[in-house]
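Colleague: Pulled these features from TrEMBL for this protein:
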| type | residues | note |
| --- | --- | --- |
| TRANSMEM | 12-30 | transmembrane segment |
| DOMAIN | 15-147 | domain 'EamA' |
| TRANSMEM | 42-61 | transmembrane segment |
| TRANSMEM | 73-93 | transmembrane segment |
| TRANSMEM | 105-124 | transmembrane segment |
| TRANSMEM | 133-152 | transmembrane segment |
| DOMAIN | 162-288 | domain 'EamA' |
| TRANSMEM | 164-180 | transmembrane segment |
| TRANSMEM | 192-213 | transmembrane segment |
| TRANSMEM | 219-237 | transmembrane segment |
| TRANSMEM | 249-267 | transmembrane segment |
| TRANSMEM | 273-293 | transmembrane segment |
Amino acid sequence: MELRLLKNKKIAYTNLALCILLWASIPVATKKMLLELDSLQILFYSTFFSTLVLGILIVFQKKVNFLKRYTKSQYSIMLLLGFLGNYLYYVFLYGALSKTTASEGFILAYTWPIIVLVLSFIILKDKLTIQKVVGISISFFGIIVITTKGNIATFNLTNFQGDLLALSGAFVFALFSVLGKKYNFDKTISVFIYFLSALIFIIPTALMFSEIILPSVNVWLWIIYNGVFVNGISYIFWFKALEEGETHIISNLLYLTPFISLIYILIFLDEKILMSAIIGGVVIVMGVSSQYIPLNRNKELDEIDRHCDM
């Protein structure tokens, strides 16, 4: 039994590692696609391939009949969640990365876990403890360090539009996460519907505010990589990690993503990474992680599970 559990945990954390490595490449893939496409065009193409690969996954897993399990009301909820987490979030994220540096935009977008605490208090009526308030305050200080490029005394916002888009994306994804906690849909089916919802919304958006163009072969490769692997197959790894791994460990390890992205940025992009982005990112993660420090051993696991994403 112990060997089996050990093997399952090894598989879980291998899947988590693959997931983190893929998600960490989002800023690089986006910057590469932005060489020829605008943020709405990127979202259209990537969402198309994500929806396609997840649809194929449903067929492969023989879950087509699962689509009949849900009512119109439940599908309406999935479409709303998809609008938030897979359409509006990426509108803000890709928009942010088109106007700010890859490192700054991605780290700010990863402040969503701390916003989850605030929204859980407002929407789910979760208890807002002193520990959580301290964590929120620490993370907020990290945001200030990044947005002011370290010039805290003058509070000079050097890239207000890009930073605002990134933080708006973080807020939307946190809202998506909090609302999603109320429902227990099949993971593969729900993510497929989320991306299908995003595709439904991005088509008219792209036609109204942009245009559909055909990029070069090099950008097509990045589009396929982003749509199929980063926003598609990565969810398979994520679900498998959640099935066998320990939720609180997985949640903490997920915060390595923006820092691994810095390595990708150094390798693939000709972009200077500011020390303020690194320091601010560390401070934000400290604030987020502080909520997991066990002050009450009897409630530790309950608190962790309540604040983890799907």
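A Cβ is built for glycine as well, from the same backbone N, Cα and C atoms used for every other residue.
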Colleague: Would you say the transmembrane segment (273-293) and the transmembrane segment (12-30) are in contact under the rule of three or more C-beta pairs closer than 8 Å, pairs 6 or more apart in sequence?
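Modeller: Per Cβ check, the transmembrane segment (12-30) does not touch the transmembrane segment (273-293).
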Colleague: Are there at least 3 C-beta pairs under 8 angstroms linking the transmembrane segment (164-180) and the transmembrane segment (73-93), leaving out pairs fewer than 6 apart in sequence?
Modeller: yes
Colleague: Counting only pairs at least 6 apart in sequence, do the transmembrane segment (164-180) and the transmembrane segment (105-124) share 3+ Cβ pairs under 8 Å?
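Modeller: Yes, since the transmembrane segment (164-180) and the transmembrane segment (105-124) share at least 3 Cβ pairs closer than 8 Å, they count as touching.
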Colleague: List the helix, strand and coil residue totals of the domain 'EamA' (162-288) as derived from DSSP.
Modeller: 106 helix, 0 strand, 21 coil
